[in-house]
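Presented below is the structure to which this report refers.
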């Protein structure tokens, strides 16, 4: 049907007869000659229809609508010198048509323009409702082709490293310790339910027990959670697991994987190895375990300097076991007014969204003089002021913003304010050259965090992470006592403030796995019910193993420069977890529900 793709034609094809297929991007009549921009996935080529080639051919071209599907036959020839279009890869040539067949006309009204020449923004809701049309747009086609290149590159790298791709079940059982599951009722096993996998975590560990040694999968995962711009109810992970490798070997292999992807897709040589921060270092310096290191304004813990200060907001927070931290805004005196920091201001609101009651501030003037509210200025002695300015590095013209209270709240508030000001003040460079891809491994996470509402420990990552050997010791009788304070052999890869993926070494000792499950409050009987198949496997010669998973939707979002992963997925859901094109989810018939022995108790409020 076609001999060439539209976008592949070049000067070397001059004098060749070609057959092309594609969509009419636009059609225009210039002085009795019709020019058709014919578009397919590969690009666009100019078709020239001359009346000298035949009246019927010319008449057919005159009646074409945009997005009509065509087959064109013709001769490749050079464009006149004054008609060369340097913006197109095919801009030095055109095809003189000698045949035109409409393969499918457009009979309905187009909801929006697809043409590469029309950059008019289209509302996302309209794009998602007519996604089949939206996918023809150059931007979306380019994004999906880049996604393909990214995944293809990852597959080739892993296969060259001895990994094999194995598919794991999509219908599995529901397990605790995660987001909500998507549940699927079983018709055959009445009253019982499958769950769609949130990750292939347990199956990939079982593959290691099964002796496969190196596994990967481009896995579909499902989580019933509240959505953001970078979240979807169904998403794609590059899932990797390997036996007989320590943490250092795993990190180095995956650095090479990421570097290979960036080289293939962006043509960039990433500097290796990636920097590393421990979890505690990241929290102390940035207030988050996924810091954006492209700009400064790091957090400073000034609790030791201000613990005896007469300003009770500060000294009281420290006495209660909390902390006082600050960030220094360069030239903040000129850039930020008091109104923005006080209640109702945008900076105040950012801190409040993170749970803080507000922010205190100091303005540094000439000769190291300071301005602030009286309660701070009057209670800050000369020694404290000198120590504060020295530790923060603040100089004349700078603004110091303080958070005081529970350390977790202070970290969260100042992290949010730091990110907000980084964007507002233009501290984050916009051109993405090699220096601005700031990769970072965060390592040595705590094994557990406290769930204050339920007054119990929860696994910070998941309950299958192996604890640090030095923290745990070799005496199984002491493990229960040591586990709550242990670090996990876990690691996350962060890029420019976004988590790309994470993983850990896994527990391969059955008794240790039981004790970890008990530490998070799972009774032994329930642990055996939920995870008995895993514990049984660990008792049958499980090798040391570990791995990680990368969020491919997010990686592609960053590589394309998009703001939302919805623009890197062919058929995404909205933030209400709906597909506007197919109108999913939708109701089902009573007969279907009866077969499943399921009854809906939902009542339409209208």
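We number each residue from 1, going along the chain as drawn.
Using the three backbone atoms N, Cα and C, a Cβ is placed for every residue, glycine included.
Computed from a predicted structure; not experimentally measured.
Cβ-based neighbour count (10 Å, all protein chains) for residue 30 (site 'Important for tRNA non-discrimination') stands at 9. According to Swiss-Prot, the feature site 'Important for tRNA non-discrimination' maps to 30.
Summarising the annotation, Swiss-Prot assigns L-aspartate binding site to 177, 223, 461, 506. Within the same chain, the residues at least 6 positions away from residue 461 (L-aspartate binding site) whose Cβ sits under 8 Å from its Cβ are 445, 488, 490, 502, 504, listed in sequence order.
Per Swiss-Prot, region 'Aspartate' is recorded for 201-204. Long-range neighbours of the region 'Aspartate' (201-204) within the same chain, counting only residues 6 or more positions beyond its ends whose Cβ lies under 8 Å from a Cβ of the stretch, are 168-169, 172, 175, 215, 217, 239, 241, 462, 464, 531, 533-534, 547.
Among the features that Swiss-Prot reports, ATP binding site is placed at 223, 224, 225, 232, 499, 551, 552, 553, 554, with the record citing sequence analysis. Residue 225 (ATP binding site) carries neither a helix nor a strand DSSP state and counts as coil.
Over the region 'Aspartate' (201-204), the average per-residue pLDDT in this prediction is 96.
Secondary structure from DSSP puts residue 461 (L-aspartate binding site) in coil. Considering only the recorded positions 30, 223, 506, the residue whose Cα is spatially closest to the Cα of residue 552 (ATP binding site) is 223. Annotation: 506 carries the greatest number of neighbouring Cβ atoms among the binding-site residues 223, 506, 554 [cut-off 10 Å, Cβ to Cβ].
Reduced to three states, the DSSP call for residue 506 (L-aspartate binding site) is strand.
Comment: ATP site residues 223, 224, 225, 232, 499, 551, 552, 553, 554; largest CA to CA distance 20 Å, whole number. For residue 30 (site 'Important for tRNA non-discrimination'), the nearest neighbour among the binding-site residues 225, 499, 554, judged by Cα separation, is 554. The DSSP breakdown of the region 'Aspartate' (201-204) into helical (H, G, I), extended (E, B) and coil residues amounts to 4 helix, 0 strand, 0 coil. Taken residue by residue with DSSP, residue 30 (site 'Important for tRNA non-discrimination') is part of a strand.
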